[in-house]
Amino acid sequence: MKEYKVAVIPGDGIGVEIVGEALKVLEKVGAKYDTKFNFTEVKAGGCAIDEFGVPLPNETLEICKNSDAVLLGAVGGPKWDTLPGEKRPEKALMGLRGGLGLYANLRPAKVYDILKSASPLKEEIINKGVDLLVVRELTGGIYFGERGRDIQNGINSAYDTERYNVEEIKRIAHVAFKAALKRNKKVTSVDKANILESSRLWRETVTEVAKEYPEVELNYLYVDNAAMQLVREPSQFDVIVTSNIFGDILTDEASMVTGSIGMLPSASLRNDTFGMYEPIHGSAPDIAGQDLANPLAQILSVAMMLEYSFNMTEAARDVEDAVEKVLNSGYRTGDIYTEGSKKVGTKEMGKLVLAEL
């Protein structure tokens, strides 16, 4: 029997409820595939501020470092919005990414046939199908570059610096090409190489890496055009690879193409099999503790964990198929409910997925 250690961070708001359902799924998968998952629950975010005075306690980071993967719910909420920036719950995410060396963020955006009506796009666009993956560089670029304020010609000024080196670009490009090999073998590299020097280096480096993957088609888009194409014809995309700031914007846009943010998981990875997995939605404190939250993004995050950290691809497909079967049977949480479907709560949705596994 294989054994894996999973650090569990329920976090704030609905995190506790949806993580609870996801862990049941992981346990059932373990029983089916003769694998034991050992869970250690730790705190980060607002609940950690309340208890320890910091968003990311050292103990949490150490336990995560000594695990095979991390399952994260959601952090934050209006309760902590008045705190200074460094003390806010969201700082826990930056601390986890940096402390665990996670440099690649993978966000799939898929429109399920049965949920097409949720998309804000026209039917003729969405009917072509949307199943793309955005691979975003997570630890470089303008968010981590030199910044500051000064006085220029007697006027208050501020600056931020976009900087990348070849190695940072190479490693994220490899992640994208390897992902494409398992998908439809197409990578779109998004940059602003007509203006930015950092983007020119990005394009040169991605072009070099592409030579190692002759079976994968590579094309390029400037970021402004990519943003337009995502809503004009999202079906053209398979894997999109891009820098930190461009990825931050495009992943949010891609999530709204689906119209169902409660369905979308994400993974943050590094060079080995370790990863941190979480839904892309927030902590939704307004519906916390009321059995209203959609647990499917969290459950699909477990599917990504099975695939990327534990190399259990068949098990990952089982989870994805179970989710799709439940949706096809007409069950919906409130966020994706439409007239004629059957409305269920967090716990019931979790039970329905378990029954299909």
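Every residue gets a Cβ built from N, Cα and C, even glycine.
Summary of the site annotation: Swiss-Prot records substrate binding at ARG97, ARG107, ASP224. Screening the candidates ARG136, ARG147, ARG200 against this entry identifies ARG136 as the one listed for that site.
For ALA288 (NAD(+) binding site), the same-chain residues that are 6 or more apart in sequence and have a Cβ closer than 8 Å to its Cβ are ASP12, GLY13, ILE14, VAL16, GLU17. Looking at ASP224 (substrate binding site) and LYS192 (site 'Important for catalysis'), their Cα atoms lie 8 Å from each other. Look at the Cβ of each of the binding-site residues GLY85, PRO89 and count the other Cβ atoms within 10 Å; the largest number goes with PRO89. Counting every protein chain shown, the number of other Cβ atoms lying within 10 Å of the Cβ of TYR143 (site 'Important for catalysis') is 16.
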